[in-house]
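Chemist: Quick one: structure below, then a few questions.
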Amino acid sequence: MDPNKFREKEISKKEALELFEDNEIIFELFKFADSLRREEVGDIVTYVVNRNINFTNICVGNCRFCAFRANENDKHAYFLDIDEIAKRAVEAKKFGCTEVCIQGGLHPKIDTYYQAEILKAVHEATKPYGDIHIHAFSPMEVYFGAENAGLDIKEALKILKENGLNSMPGTAAEILDDDIRAELCPNKIKTKEWIYIIKEAHKLGIPTTATMMYGHIEEYKHWVNHLFIIKEIQEETNGFTEFVPLSFMHKYAPIYKEGKAKAGATGIEDLKVFAVSRIIFKGLIKNIQASWVKLGKKMVQVALRCGANDVGGTLIEESISRSAGAEHGVYMSVEEIRDMIKRVGLIPKERTTLYKILE
């Protein structure tokens, strides 16, 4: 199949599946995705200066890919109080961050009102320094908080927005297929609940990212269905700011240790995800992020020539990928990020969470 035909023609699910399965045309595919990237966003590659605040690892969930969670009485369990979260946000602001990404495990005492207190405290603490964008709470956290507070999803999202939620990570998507989810994350929200929460957030004017975690127990057909669900949501709401493929970190994941999951995706599969998603999301989601935490510097540089146009954040403290066995560090300086981009002939630019260029 010649990928170039998708310059004019919309790709079907069947054709997307063929592109994932065909190893004879990978270089044509990557070259075509790179040309689409150039048409949509030019040669600018963006990054955000941000800090991740994972405020607790205590979690009642039982996701079988997660090596981050702890029970309340585990030795390594921790829970940052609201003052500590606010203090870290102020440190981030003083450091030059424009965003804090706040997420945590599903701690039994957390509800929507507690999440709202976190938002309020962070905005109040950072206001004297010019305030900070809060990117927080996955659809799973929103669902869990609402349930604990006895609220419906709409009410919960309204409260979070009123208290300063600026945008949401579209994590907890993993693979949007209930058979896969039953095996991978049995306690997590179902596909239709994830879709509903994302759409409600978009309707309220809360932009979100979209993600896909791949390389574990799923097949290519699941990737295709997942990507088309995201495409259909974007056609309806236009609320996704970016798509972030998340390559499965297998090393310490329980499901891998039990011998039930692959050892992550191959390098070629990683690159195919960038390329095919660039084709599927043509004209809909123009920002596709290659995560250096998951892929490492060199692989990100290749991804930037296969459809990706963003490298994510400086991410001071990325404890979730680290506990899963990511080997690429938890912080990259702005100088390193810019150098990584420049060395593949592209132009680095700092952006905000919502993709406003800052230079």
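Including glycine, each Cβ sits where the backbone N, Cα and C put it.
Below are the features I grabbed from Swiss-Prot:
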type	residues	note
BINDING	Cys59, Cys63, Cys66	[4Fe-4S] cluster binding site
DOMAIN	45-278	domain 'Radical SAM core'
Chemist: Quick one: average pLDDT across the domain 'Radical SAM core' (45-278), no decimals.
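Modeler: On average, pLDDT over the domain 'Radical SAM core' (45-278) sits at 97.
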Chemist: Would you count the other CB atoms within 10 A of the CB of Cys59 ([4Fe-4S] cluster binding site), including those on all shown protein chains?
Modeler: 21
Chemist: Around the [4Fe-4S] cluster site recorded as Cys59, Cys63, Cys66, what other same-chain residues have a C-beta within 8 angstroms of the site's C-beta center?
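Modeler: Here the non-site neighbours turn out to be Gly61, Asn62, Phe65, Phe68, Arg69, Gly105, Cys185.
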Chemist: Look up Cys66 ([4Fe-4S] cluster binding site) in the DSSP assignment and reduce it to helix, strand or coil.
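Modeler: Coil, per DSSP.
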Chemist: Using all protein chains in view, find how many other C-beta atoms are within 10 Å of the C-beta of Cys63 ([4Fe-4S] cluster binding site).
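Modeler: Step by step: centre on the Cβ of Cys63 ([4Fe-4S] cluster binding site), count other Cβ atoms within 10 Å, giving 22.
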Chemist: Just counting, how many other CB atoms are there within 10 A of the CB of Cys66 ([4Fe-4S] cluster binding site)?
Modeler: 21
